[in-house]
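Q: Attaching a single structure in structure tokens format; questions to follow.
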Amino acid sequence: MLPSVVVLLMLLSSTCGEDPAIQLILTNKALSYGKAQAKDWIQQNLEHAHFPDISGNIDIGLGSVDYALTGITITKCDLPEPSVEFYPDITGFKTSIYGLSIALTGGWSTHYGLIHDSGSFDMAVLDVNVISAVELGKDPDGHLSVSSISCDAQVGDVDVQFHGGASWIFQPFVDFFKERISDEIQKRICPSVEEMIVKLESHLQAMNVSFDVNQVLSLDLHLTSLPVVASTSLNLGLKGEFYNIKTHSEPPFKLKSFTLPEQQGYMVSVGLSEFTLNSASYGYYSAGLLQADINDSMIPPYCPVHLNTTSVGRYIPQLPKLFPGLPMSLKVYAREVPVFSFQSDVVKLGLQGAVKAFAIQPNGTQTPLFTLNVDSDFSGKIWISDGRLKGSVKMDNVTLKLAASEVGTFSIDAMEKDVRLGVPVVVSLKVNKILDEGFVLPKIKQAQLVNSVLKVEEGFMAVFSDVELFLTDEGLN
Ligand SMILES: *[C@@H]1O[C@H](CO)[C@@H](O)[C@H](O)[C@H]1NC(C)=O
Ligand SMILES: *[C@@H]1O[C@H](CO)[C@@H](O)[C@H](O)[C@H]1NC(C)=O
Ligand SMILES: *[C@@H]1O[C@H](CO)[C@@H](O)[C@H](O)[C@H]1NC(C)=O
Ligand SMILES: *[C@@H]1O[C@H](CO)[C@@H](O)[C@H](O)[C@H]1NC(C)=O
Ligand SMILES: *[C@@H]1O[C@H](CO)[C@@H](O)[C@H](O)[C@H]1NC(C)=O
């Protein structure tokens, strides 16, 4: 069950003294869920488990009998609810199972001098206790690491029934055998627990702590510091920065550190700083992607102004005289990195953009006409409902300024007035329609967020959520 708890951490998702831009808290509720899931998983998997052969020899006074128990399979397993706790003393977890009982079946064979004999057996291994402590850490690359700190296993009792061959001869020696077999089993429990932990550790090491999100951005999720384990929670700090894959340059702004509140009513809390979102914004901006070419076919039909010199002439009287009856195109681009700011229940976005207008000559040449600086402020709300991330946006302000003109000066007052009326219409008809439909929350093969709540706070947003796991063999092996 211990690995599954750590897998839960891996699924939610990877240098010293850095502040984390993404924080993750796992609560006791997650441990309870994790151990119940793991119990079912272990129960199912034990039934298909490969049990190692047991062999040895027993001195029966008249020489020694070599014995081997082979082809051992589990026929029944009674797994009590394990206990899994955060263990602050070692920055890790402590797992205890008390009273595990397993019924096994298999074949036996003995060699006593030249006498060879064989048959089958049924065995019950009763009252097995296993207590294991695992430490969490961070490797130099920022991977989460796990290591076994201690393991203690005890087998309460073993009962064996031999069938076939001359089994009646050595059934009386079972009491003799018992302790030996019990020791053999006991000796094997902790190494196999440790083997599982080593396997898990190698999975963690193989995991990428930086992912390409798309062709432009990568997301760095390495641990920024050692995991912090308290009696009721595990806290992980992740780098949480998007980078432009080509330049990998740092944005011109810094992360403001924040404290993610713990919500014991939910399995996980995830805190995402505004820095994370702004680093993505910077990544797109520095890749030169925050620009678009607009021509008249993209202007919605209900718009009273169209992209031709006649229509735009209502704002610039000299335009239709200089360039009569020509279609126009616009190049729209961000002058600065668009910056998001998270405030209590509100997300604000400041856009400093520019629009460069061109007349399209009959031979296709684009003749520059003028450039406007367009600064706008938006504010929006975001929330999670029906498992989807939804939102709404409104424009708070927009100002236009003539930055350059190849057609002489003109007043932008009328244009600014129309933009102030027009943008909110486009926002409500286009943007808010998409935001209202929402986006499905990120889901991976082995886990899904359920009962999620999103809250925007000063400088960060917090998602409190439960998690549904789909444990498979692939998930843990
Ligand atoms: C890790 O990243 C590398 C390079 O980006 C990629 O080739 C590899 O498939 C990734 N591995 C996993 C397990 O995602
Ligand atoms: C407008 O732009 C689109 C996409 O770039 C293009 O397919 C279309 O032909 C253009 N229309 C005109 C009238 O230039
Ligand atoms: C210019 O746009 C107006 C709409 O504002 C339209 O009626 C007119 O046909 C367009 N002229 C050309 C030359 O495309
Ligand atoms: C296209 O037409 C414009 C205006 O008539 C002219 O100034 C320009 O030289 C022409 N360009 C080409 C490549 O023919
Ligand atoms: C809009 O922005 C301009 C320029 O920044 C400012 O003077 C004006 O007060 C703002 N209007 C509102 C309603 O915020």
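Even glycines carry a Cβ here, placed using N, Cα and C.
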Q: With reference to TrEMBL, specify which of the listed residues Cys77, Cys151 is paired with Cys190 by a disulfide.
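A: According to the record, the bonded cysteine is Cys151.
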Q: Taking the Cβ of Cys151 (disulfide bond) as reference, which residues of that chain separated by at least 6 in sequence fall under 8 Å from it?
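A: The list for Cys151 (disulfide bond) reads Val130, Ile131, Ser132, Ala133, Ile189, Cys190, Val193, Glu194, given in order along the sequence.
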Q: If you average per-residue pLDDT over the domain 'Lipid-binding serum glycoprotein C-terminal' (262-465), what number do you get?
A: 93
Q: Under a three-state reading of DSSP, tell me whether Cys151 (disulfide bond) is helix, strand or coil.
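A: Cys151 (disulfide bond) sits in a strand per DSSP.
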Q: Helix, strand or coil by DSSP: which one applies to Cys190 (disulfide bond)?
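A: Where Cys190 (disulfide bond) sits, the three-state DSSP reduction gives helix.
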